[in-house]
Amino acid sequence: MLKYLLLLIPNVISLAVLSQSQAPINLQTKNTSLVLTVGGNNRLYQSYLGPRLAAPAEVEKLSGGREVYLTAGMENQFEPAIRLVHEDGNPSLELKYVSHNTQQEGTTSTTRIVLKDSVYPVEVVLQYKVYFNEDVITCSATIQHHEKKPVRLTQYASTMLHFSADNYWLTQFHGDWAREVNMVEEKLTNGIKSIESKLGTRANFYQTPAFFLSLNNPATETSGELIAGTLAWTGNFQFTFEIDQRNQLRVRPGINPFASDYTLQPGEVFTTPEFTFTYSNQGKGQASRNLHRWARNYAVLDGKGPRLTLLNNWEATYFNFNEEKLIELFDGAKQLGVDLFLLDDGWFGNAFPRNDDKAGLGDWQENKSKLPNGIGRLVQEAEKKGIKFGIWLEPEMVNPKSELYQKHPDWILRLPNRPENLARNQLVLDLTNPKVQDFVFSIVDDMLTKNPGVAFIKWDCNRSMTNAYSAYLKEKQSHLFIEYTRCLYKVMERIRAKYPHLPVMLCSGGGGRTDYGGLKYFTEFWPSDNTDGLERIFIQWGYSYFFPANTIAAHITSMGKGQSLKFRTDVAMSGKLGYDIRVNEFTPQELQFSQEAVKTYKRISDIIWLGDLYRIISPYEENRSVVMYVNENKSKAILFNYILNVRRKDIFTRVQLQGLDPKKKYRIKEINLFPGTKAGNPDNDKVFTGDYLMTVGINLTPGKVTSLTSNVFEITEE
Ligand code: GLA
């Protein structure tokens, strides 16, 4: 029997008796309840987290559990959610319940719970936003005090969640450049496991700020009890998982406090980023679908809005282009039928031309020899050809070989008394300085003011912070990591106030920035510089756990040894499709195939972008991968079947589809075929009930199985 998260076991730390005066705070979504209660000692306890409790009278009876926002300096012997040192040097804090209120807004509600210390004038407000229909809860905290002098905050988690199970299984996603989001699941043992970033910028270079925590047994796609969690913070994050001597688990998500003691002034409000979680007792698939729906409805800029298909020139030209060559490339975009041409790195810098990655960053003027007539001419030419024009920027960075570096050495993060530490030959600008914020804003604003036709931006960030020191922050160096991210958001707020719907891709040397703090301002992200189709099956699979397909940019390029254009196209189609390839090198058949593919994609992209994702066969488990998107009323679905590097031992069984309506009848049709090839599946163009497709299933590999091949099936209600 499942052991739900009913935390009734009293222990030395938090033996609580329900106060008679305060009824439980019942935070409930369609399928989940999180119940908080106030003890006789007036502290706040997490008494329950699990499937929604049906009977209000029974919720009323709940009491005890673990203290929600554990403090330091008193009797708690484990990692605290908050630690602060008062102005008199005293490091203790006791948070007692004062009041709470709930505001309803449509199907969401926000509950604010005020906690105060009775000895020191410190107040913490815990905020829970409940997304009823999506089964998602976001948690954050604000910390404030009215002591005479500043206090020092050394820990400031967004929340703390407590679990009681026999075993805990953690799934994390880690990687490096061009090999992002590798998934690993492990059993947690007593002690602390931490997943974190200390990189400042490009913060998710090595670790993605998202995890699954399965209770008792590892959850599968369709079964098991778990939470999926992610932090909306484009900077240093930390998730700690601590199991105590009684096998109880505390999950602490938040900003990484590493090197970030925060001096909080009297009256100043410190707000943590939001931790988002969803609880599922039907496996990881359901958790992902909850998050995707929440993301599209609330968390991603224009999450349900249209997206532009594009042709990018990065892998086609790198830095080597001029006006003429680019205008020729526009023809490729037009031939393909995509919406937009995206000009990548290398178009700027005059005193220090950007002809490679060694110079020019920071000097955002068109390079006169490459683009004598400026961006304006390119926009015009693109428009003449019936396509839109987009541009690459990396506004937070500078090359030492640049005019910006010469003019504003004080705008750069670097130690005053040690040699500079370059990465990709560049340094990070000090965004905490308001003049730098103005500069960064003006890069975007000038571009769009001078060229109102610019319809898309790719915002890059190609290095993390090392040897970082802010001339602006002076003695407050320990605020740098936090302040930098806050200031990035400040700049984005300004940009979005003026350009609310401009599509902007969040890129960071591949997938170095993949979080919902950023996606509030961006419409999509660049998951990886690795566009090899086989690798992308894994990379896109990893991101799909937490992000909807319309945010995961997937471009068809010439990377991918031994992979046909058909295979690479089918892989990109399961995300937000784009191209980064020399179209003029296509064979006539490849061009015809790609033109048809773009048309097909435009026809079916609503199902992929807005539909429910079912991950049916994992590339981590078999030498194939099958995923499926189903639209809301279950009348249409798209199924992707990818064969990886097949080995002799591989036996591929029938595939049971998911997410269909058992009572409906569906026609299965293979689409996106390469010219001259035919659908080889005997079930092609046949009609089956949803019930049959989901129980008996279909054989997706009826003939000889060949490595690196793929099929796309359109499944339509008859
Ligand atoms: C990063 C991005 C690439 C490309 C280059 C340009 O590596 O991830 O897509 O834009 O920068 O320098």
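Glycine is treated like the rest: Cβ placed from N, Cα and C.
Note that this is a predicted model, so its numbers are computed, not measured.
When secondary structure is read from DSSP and collapsed to three states, D460 (active site, nucleophile) falls in the coil class. Annotated active site, nucleophile per TrEMBL: D460, in sequence order.
According to TrEMBL, the feature active site, proton donor maps to D529. Classification of D529 (active site, proton donor) by DSSP places it in coil, neither helical nor stranded. Within its own chain, D529 (active site, proton donor) has W177, A178, G509, G510 as residues 6 or more apart in sequence whose C-beta sits under 8 angstroms from its own.
Here TrEMBL flags W177, D344, D345, R424, K458, W459, D460, C461, N462, C507, D529 as substrate binding site.
The domain 'Glycosyl hydrolase family 36 N-terminal' annotation in TrEMBL covers 65-265. This prediction places the mean pLDDT of the domain 'Glycosyl hydrolase family 36 N-terminal' (65-265) at 98.
Per TrEMBL, domain 'Glycosyl hydrolase family 36 C-terminal' is recorded for 625-714.
Sequence annotations record features per position, and here TrEMBL assigns signal peptide to 1-19.
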| query | For substrate, with binders W177, D344, D345, R424, K458, W459, D460, C461, N462, C507, D529, what's the maximum Cα separation in whole Å? | reply | 19
| C-beta crowding around D460 (active site, nucleophile), within 10 angstroms | 24
| note | Same chain, |i - j| six or more, Cβ under 8 Å of D345 (substrate binding site); the result in sequence order is W314, Y318, F319, R354, D357, W392, E394, D460
| query | Does N462 (substrate binding site) have same-chain partners at least 6 apart in sequence with Cβ under 8 Å from its own Cβ, and which are they? | reply | R202, E394, M397, A423, R424, Q426, S508, G509
| Going by DSSP, how much of the domain 'Glycosyl hydrolase family 36 C-terminal' (625-714) is helix, how much is strand and how much is coil, in residues? | 6 helix, 33 strand, 51 coil
| field | Listed recorded positions adjacent to ligand 1, that is, members of W177, D345, D460, D529 whose C-beta is under 6 A away | value | D345, D460, D529
| Cβ atoms near K458 (substrate binding site) (within 10 Å, other residues, all chains) | 24
